[in-house]
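Okay, structure first, notes after.
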Amino acid sequence: MVSIYSASSTFSLPLPSLSPLKLPSSSTTITTSHCLPSTSSSSKFPSTQPPPSQNPSTQPPPSQSPSSLSDQLHRLSLTLLNSDPSPPPPLPSKPIWVNPSKPRLSVLSLRRQPRLAPSPNTPFDPSLSNLARSLRCSSDLPSALAAAFPPGSSPSRDDALSLLHSLRPSWLHSLQFLHFLRSLADFPLDTIFYNVVFKSLRAARRWTPVEELAQQMIDAEVPLDNITYSTIISAAKRCRRFDEAISWFERMYRTGVVPDEVTYSVVLDVYAELGRREEVLALYDRARASGWRPDVVAFAVLGKMFGEAGDYDGIHYVLREMKDLGVKANVVLYNTLIEATGKARRPGLARSLFEEMVAEGLSPNGKTLTSLIKIYGKARWSKDALGLWELMMANRWPMDFILYNTLLSMCADLGLEEEAEKLFEDMQRPERYVRPDSWSYTGMVNIYANGGKPDRALQMFDEMLHKGVQPNVMTYTCLIPCLGKAGRIAEAVKVFETAMDRGIQPDDRLCGCLLSVVALCKEGEFDMLLACLDKANPRLVGLVKMLGDEQCTIDEIKTEFRRIMNESAVEVRRPFCNCLIDICMNQGFPSQRSNELLYLGTVFGLYQGLHVRKPDEWLLDLRSLSIGAAKTAFEEWMKNLLNSVEQEEILPQSFSIQAGSGTHKFSQGLASSFYTYLKKLAAPFRQGNNSGNFVASKDDLISWLPSRFSALLSIVSE
């Protein structure tokens with residue numbers, strides 16, 4: 001692979017898209033380049049502006065630009081949220097000159113390093129077996145060895161190797177016995193003794209002794225053979241020291257030792273774990289060209305790597321290679337491939353692989369069935385999932401509590417209440433060796449909560465406590481919003497206090513549930529819920545109070561909002577913002593607060609894809625918003641449309657809103673609530689062909705806008 005890097009480069013750092021909101025006409029350019037005049041470019045992006053309610057006099061004039069690049073980058077940094085850093089892409093290796101007059105060295109040896117055969121005609125000594133047994137049971141191995149081999153006597157090479165193999169289950173005994181052999185001046189200590197100890201340390205996942213022992217071999221000038229390097233590299237992989245594994249692999253080449261198929265499979269896995277797919281494929285191709293025949297381990301590595309990347313074509317490549325080489329997959333390889341197809345979002349291929357596995361006469365294990373159930377659940381293939389469960393019962397395939405809990409979780413996601421109750425009853429049958437645990441009860445609580453049955457959810461929660469099963473944080477996360485939606489705020493507070501008394505540590509999801517209940521509470525319950533939220537996340541309480549204070553400026557709110565979002569998990573940031581908007585709308589906060597929060601959420605990239613503009617259609621995608629946030633986004637959309645009409649922009653003939661279909665069986669979804677809101681406004685949107693889709697023509701919408709937003713229209717006209 002050859003990569004060419006330009007000697008001169010220009011980069012620009014764009015702000016998040018702010019198309020949903022009104023933007024200033026000016027722009028600020030941030031451009032840096034090298035001094036070479038060969039290339040130059042610039043990138044322009046708009047500066048951010050608060051909603052119309054913010055005083056524009058506080059903003060710098062459009063023509064004013066920061067005095068330095070540092071100031072410009074500081075402004076940009078205020079619009080970014082922290083995220084988990086991703087490792088930089090690996091740089092391509094430097095080109096290596098190859099002498100054309102000499103044949104190229106093969107990437108691997110097709111034969112394993114030859115082992116030394118034991119001495120012929122060695123008589124069996126029963127005393128050796130007794131000695132090995134006593135050494136294994138000894139608590140002080142050095143003293144036991146000194147007693148067994150007094151000064152002047154030493155074991156033969158074969159006896160020492162047999163004793164070392166017997167001590168291999170204990171890495172400490174193996175290491176101590178090797179040190180004893182090293183102390184014998186005339187003992188022929190060669191590589192195989194070190195290899196046995198390396199394997200013992202690898203099984204115990206002891207990386208530091210492996211490094212120390214390898215250095216001792218190098219210092220003593222004991223040659224490291226193929227097996228030595230392979231064991232060290234695989235030990236580093238087991239200890240998740242991937243960089244050390246690559247370092248030893250490179251040293252292996254430098255010392256002239258060519259890897260065999262075992263080492264090669266391990267290094268493939270190491271490269272895959274590091275995300276270095278190019279090295280994996282390059283090494284695989286070179287090995288295949290050298291005549292190597294991959295085994296199931298190598299294909300499992302490739303399948304897992306392509307699955308992690310969601311590479312559907314890569315998975316097909318693995319299947320074609322297996323078919324061409326006639327490699328028969330075992331259960332482990334089928335499990336890897338099925339899991340990979342799930343990550344690539346190909347449930348149909350996963351089902352085909354499972355059917356092929358059963359047709360080959362292989363019995364699936366718990367991991368196979370659990371992976372398949374998860375894939376069906378994510379694809380919402382309830383019929384296939386329930387059919388698989390019936391197949392499990394008919395064939396008496398192994399079902400552990402992980403598989404049961406996965407089935408219950410799938411039923412909760414799909415709203416299959418009756419099927420979940422049958423599963424839960426089946427777990428409690430006397431002949432079943434599995435019993436419901438905290439996740440089993442949590443799944444049932446979640447099912448009843450999603451179904452709008454707070455009494456059944458509380459009954460399951462009480463049964464859980466009565467049977468001594470400790471609830472986890474997800475149990476409370478499912479139960480509290482269920483009680484809040486039912487208007488039973490006092491019971492929700494009591495459940496939260498129970499969680500705190502039991503030592504539950506609130507996480508971001510539980511805080512989000514409390515926020516959602518705050519948005520639903522009535523007068524007199526607000527302070528009671530804020531007191532609960534203050535125990536879980538005091539910063540959120542402070543932000544809620546700032547939102548209710550008319551004296552707080554948007555800059556103060558932005559600073560605190562950004563700090564809270566940076567401290568929160570990525571997956572809860574948008575729900576937090578949705579709940580805060582709902583609180584502002586439902587609790588009588590200043591009218592501009594919901595618009596300001598939507599603006600901040602857009603600036604920080606929480607509502608990407610909210611607006612889509614096509615030549616023939618403008619789309620407002622509300623599927624990731626709450627009802628309050630959806631109303632706010634719709635109003636901002638209409639304001640932008642008014643602005644476009646005022647500026648005589650070319651408008652499309654169709655406008656559509658996507659509110660989602662509510663895939664859950666019991667979910668009313670956003671679509672029904674938002675459609676009620678549209679009818680209340682007498683908006684000219686009608687239901688489209690797809691569920692949750694509302695469309696309106698340009699003429700109908702423009703004729704309706706002045707009557708609904710006449711006050712805003714007069715402001716825009718001025």
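Positions of Cβ are set from backbone N, Cα and C atoms, glycine also.
Just so you know, TrEMBL annotations are computer predictions that nobody has curated.
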Range among 79-98, 419-438 that TrEMBL annotates as region 'Disordered': 79-98
Per Cβ pairs under 8 Å, the stretch of 260-294, 330-364, 400-430 packing most closely against the repeat 'PPR' (437-471): 400-430
Average model confidence [pLDDT] within the repeat 'PPR' (330-364): 89
